[in-house]
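All remarks here apply to the structure that follows.
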């Protein structure tokens, strides 16, 4: 091998190493900036008095802390189009499945009421349109009356509303910025569809350094199996081999029942000390 070949190989190796170091530095810088944004937001949002924090009992004997100061309820796509048999998407499914999905509405409405009583930040997403032609049938035009959120989940003045054209609520909106401004670090996630937009939003939230808790029975899908598979992917026990106990993966967050979330929110309502 000639000297020039050695030099060329060394330059290539050096460039590769430099690129790797640059990527690591950029990722670390992004993490530090996200954490700094959280700290700034919390400092701006917290009053001098102690803010209450309660623990939600979650699956696998775990807990998820909630507070009116740094926890938000994010509701995904509670739109007439998805929840009514008269909706554009609902017409593609048999009536029993549409009714099964629509049954989620009452629990989401109860969760929303509990979050509001606790003085918590609330955010709503609406699915607007998807860029790819293959997804055009899943589009909900803004001029369509079914685009609106169902009456039981209509936003109040001051609540966050984002219109998205991706499955997840973060990638195509300013949801992260709006949550950071309010000092939010943790998210209670509910709505529809569990295996599509809920799952995508959970992944995107974790990638942005938010902690996530899925309110399992305040989410819904057109098939109970799809719902269960998504829940297991978010928080199911991860095993490496057959007959191995393994440990909880917690890849995307915690999972809790509505009743346990309501119990915790009742303890931190109004920010009073507990």
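Using the three backbone atoms N, Cα and C, a Cβ is placed for every residue, glycine included.
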Query - TrEMBL annotation (transmembrane segment) - matching range among 187-206, 207-226, 227-246, 247-266 - result: 187-206
Report task. Scan 6-25, 26-45 against TrEMBL and say which stretch is down as transmembrane segment. Result -> 6-25
